[in-house]
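Read the structure below first, then the notes.
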Amino acid sequence: MSSLPGSREPLLRVAVTGGTHGNEMCGVYLARYWLQNPGELQRPSFSAMPVLANPAATAACCRYLDCDLNRTCTLTFLGSTATPDDPYEVKRARELNQLLGPKGTGQAFDFTLDLHNTTANTGVCLISEASHNSFNLHLCHYLQRQNPGMPCRLFQYEPAGTETFSVESISKNGICLEIGPQPQGVLRADLFSQMRALVASILDFIELFNQGMDFPAFEMDIYRNLGSVDFPRTTDGDLAGTVHPQLQDHDFEPLRPGEPIFKLFSGEDVLYEGDSTVYPVFINEAAYYEKHVAFLKSEKIRVSVPTLLELTPRSTQTP
């Protein structure tokens, strides 16, 4: 069991971003709606700012134009000298950095909620970077208590190396709300309504946090990323098989050594050869084929989440 530190300061500058990937339609259409009707993003202590993160990809209804926007928000890209040949998403990342950042500075937004859909059967999933404080775990716990019949899992993803690259990483803190399954370029009314309600609950939690409500310590299970597994491939790099029917749609469920993970086109099963039980996530995600990822492996761990510290008012300076 691991223990995570807590911290507390009011969150007054909040953004809700949709359309980071232009064919994940719940976030696209919620952002578009809120840009015209921002009232439901307002709370007594703050008003969340809606942002259509990738307008060009959204207009084309594709994940991205030149490169993945959710992989380009690194300090390396954001701080590099602009050139006319820069990929569109690198240019857009710099614009978002001006709007929500600058990344890594005290002027950055306090919190960004980035909205995503997946073709995988994840249900409701919050994705948090491992470096973040316990706020995100309290947020997930709040959603679990508000929706007792709805599984809400937290997937802790720590990028390889030291640089974070997601859109929400531009702000001081943030989280990704992922809901699936939904096909790319398709808008399902049930998932649209579910995401809208969850955004409202997340903003309600931030408001309670800002008002100084006590959030006691608790324990919860989270899923920590262990890396990716590629599809079986031929010597030429083509697919030699696909996800096994016994694994398909079983995101966040235990996968034990010796259980099937792929079905080769020749009809043979490929078995999981790991040493311990893992929990696959984003199984057969359509957008990950190009990344050579059939699914991500995670470990299920129990964490002890401390009480959030007393609210610390922001200091104000007078000229």
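Residue positions begin at 1 at the first shown residue.
Here the Cβ of each residue, glycine as well, is placed from N, Cα and C on the backbone.
Feature annotations, reproduced from TrEMBL:
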type	residues	note
ACT_SITE	Glu178	active site, proton donor/acceptor
BINDING	His21, Glu24, His116	Zn(2+) binding site
DOMAIN	12-206	domain 'Succinylglutamate desuccinylase/Aspartoacylase catalytic'
DOMAIN	219-300	domain 'AstE/AspA barrel-sandwich hybrid'
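Structure with TrEMBL features highlighted.
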| residue | record | Cβ neighbours (10 Å) |
| --- | --- | --- |
| His21 | Zn(2+) binding site | 27 |
| Glu24 | Zn(2+) binding site | 28 |
| His116 | Zn(2+) binding site | 25 |
| Glu178 | active site, proton donor/acceptor | 24 |
**Message:** Can you give me the Cα-Cα distance between His116 (Zn(2+) binding site) and Glu178 (active site, proton donor/acceptor) in Å, rounded to a whole number?
**Reply:** 5
**Asked** Cα of Glu24 (Zn(2+) binding site) to Cα of Glu178 (active site, proton donor/acceptor): how many Å, rounded?
**Response** 10
**Prompt:** So how many of the residues in the domain 'AstE/AspA barrel-sandwich hybrid' (219-300) end up helix, strand or coil by DSSP?
**Reply:** 3 helix, 33 strand, 46 coil
**Asked** Could you state the CA-to-CA distance between His21 (Zn(2+) binding site) and Glu178 (active site, proton donor/acceptor) to the nearest Å?
**Response** 12
